[in-house]
Amino acid sequence: MKATITAIGGFVPSSILSNEMISRMVETTGEWIVKRTGIKERRLAKDENQGTSDLACAAIENLFETYDIDRSEIDGLVLATATPDHLLTPTASKVCEKSGFTNAFGFDLNAACSGFLYALEMATTMIESGRYEKVVVVGADKMSSIVDYEDRNTCILFGDGAGAVLLEKTESEYGMMKSILRTDGSGTSALLVPAGGSKLPATAQTIADKKHFVNQEGAFVFKRAVESMSNVSRDVLASNELTVDDIDWVVPHQANLRIINAVSETLNIAAEKVKVNIDRYGNTTSATIPLCLWDFAADFKEGQNILITTFGAGFSWGATCLKWGVMRNLRNLQAIKTEKELEHDLVCS
Ligand code: UT7
């Protein structure tokens, strides 16, 4: 019994925060941001009361509008997020209710930028156990809710968005292969939101000290990201008895284009095989990988091998391989972006 992706959806808010706009907010330039990160713009959820659950629901709606599947058949939802709607009550509960998953369990999983990969692995093993057949896996984050737009070290990096996949059981050769997930708590202080949790609950002082925003030692995290993603990718290829030449596409976490390029060069993978959309969305944390799968779904052909790798706060990191399988029938052909539309998007951005 294997698990395979049979449907994909995605959502990014319509409001764009361009480099030019950021350069009017903090001391930076569009040129610096593009050169050091590859980011040209990011999307922000600006609608009043729009939380992570709304982004997740919009991505799920896009999936169900695009592919032919009955919501009542969904067994479970694993929602990867580092920015839940509330500290108490899982965001997944609201998402299950609003998405019409009436016969399903739902829970949140926080592994920061590795959340989607961890969630994919949890859902895969649930399906491989034979106890569940259809699990929706979502990566969704409203990073703008924890970013200080007066801090040039971080505000240039992050954006809001969500991506969703349907994972189903299959007896075919397609689907998820072996994964490797890793955690190292010694990296905790290098990338975190210091206050608002049980360790340092909110007070007037924590607010005054701006401790509810993302704090990052960028250069240190950068080095660990390149090293960890490269090593874990090599290890996961070996454990699946694959070589770099067997890989058709790489879908990496989108934190910094220089990290993506350094990992690709270390692994000796041609740049044409590496999917990149950080220029348009920035780092959407749990959402980068499913948004990338969604953006480039039209390129993936049955039987092709895809390598996914990620690194994030914690530290948490990992990699997996999958053989792209047969997707569910489309409800609406227009909903899947064609290569031409993507080219058009890039020219416009
Ligand atoms: O997704 C979770 C994992 N996160 C990551 O993987 C992010 C990893 N880190 C990074 O992407 C990069 O470290 C950053 C993009 C955050 C920073 O780039 P960097 O090349 O590592 O810059 P740096 O932090 O080493 O800073 C170099 C210089 C500093 O000035 P001095 O000390 O050399 O005078 C910074 O103050 O660049 C300065 N700087 C900026 N200058 C213009 C930092 N941010 C900016 C800015 N605009 N926005």
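Cβ coordinates come from backbone N, Cα and C, glycine included.
Annotated by TrEMBL as region 'ACP-binding', the relevant range among 24-28, 229-233, 254-258, 309-313 is 254-258.
Cα spacing between H253 (active site) and N283 (active site): 8 Å, rounded to the nearest whole number. Counted with DSSP, the domain 'Beta-ketoacyl-[acyl-carrier-protein] synthase III N-terminal' (107-185) comes out as 21 helix, 33 strand, 25 coil.
Across the domain 'Beta-ketoacyl-[acyl-carrier-protein] synthase III C-terminal' (237-324), the DSSP tally of helix, strand and coil residues reads 38 helix, 22 strand, 28 coil.
Residue density at N283 (active site): 24 other Cβ atoms are found within 10 A of its Cβ, drawing on all protein chains shown.
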